[in-house]
Amino acid sequence: MATYAAFKHVELYNVGKAKKRVLRAPGGVSSDIFGADMPQTPRNVKNLMASNIFSAEKDVAQKNNVRQGAHRFYFMGDVPRRGQKPVDSYSRLFGEPTRPFTPGKNHMKSNILNVGQNSNTAQLISNSKGNYNGKSGSVSSASSSVSSSTENLKINGGIRSEGNPVTGEGYKPGATDYIQPANNGSSQVINKNRVPPGGYSSGLW
């Protein structure tokens, strides 16, 4: 085992003589953080939390548009950069395409028809043939029979008149799916003796 005298020179002679030199500290000129003078010009630190929405821009070169995904957001007072040269090859080869002027849509305007204000809408609503609710004189026979049969159903007080409202044909005399009027004034009874599309269940499963 080595004696104490062999390693005495390592620590005893260097106490209080440690190296304290740092050439240039990262934050300033001096490495002595307690006794050094403050620098004359403070560092220009950008305050990211400060709002400049209602104030004039301090730095013209500083752009405050934020790029997120495919959208670009602009703050008040900032203009979109339309003067930039296009980057795509089509615009470089053929030039900028001419875009027609399209006025902005007024989203606050009502789209409900005002008959008194517009003569065209008044003419569309009341045509000369006396038709109403979008029905015109040039409809197919199938659709006209459907509309006439449903109107007959409304006129007759809910009692179905003879005829199929879909095809316009009359009912067969042996059909069992029909409405029987109630004798005592209660609700009508609908007889439905139909076979389901897959047939009746056998009850085995």
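Just so you know, the numbers here start at 1 and follow the chain as drawn.
The backbone N, Cα and C atoms fix where each Cβ goes, and this holds for glycine too.
Positions annotated as phosphoserine by Swiss-Prot, on the basis of similarity to another entry: Ser30 (among others).
Per Swiss-Prot, phosphothreonine is recorded for Thr41 (among others).
Sequence-distant neighbours of Thr98 (phosphothreonine) (same chain, six or more apart, CB under 8 Å from its CB) are absent. In the three-state DSSP scheme, Thr98 (phosphothreonine) falls into the coil class. According to Swiss-Prot, the feature phosphothreonine maps to Thr98 (among others).
Annotated phosphothreonine per Swiss-Prot: Thr102 (among others), in sequence order, evidence recorded as similarity to another entry. Counting Cβ atoms from all protein chains shown, Thr102 (phosphothreonine) has 6 others lying within 10 Å of its own Cβ.
Look at Swiss-Prot and you will find 124-205 tagged as region 'Disordered'.
Taken from Swiss-Prot, the feature compositional bias 'Polar residues' applies to 124-135 (among others).
Positions annotated as compositional bias 'Low complexity' by Swiss-Prot: 136-149.
Annotation source Swiss-Prot lists phosphoserine at Ser138 (among others).
The phosphoserine annotation in Swiss-Prot covers Ser149 (among others), and the record cites similarity to another entry as its basis.
The annotation compositional bias 'Polar residues' is assigned in Swiss-Prot to 181-191 (among others).
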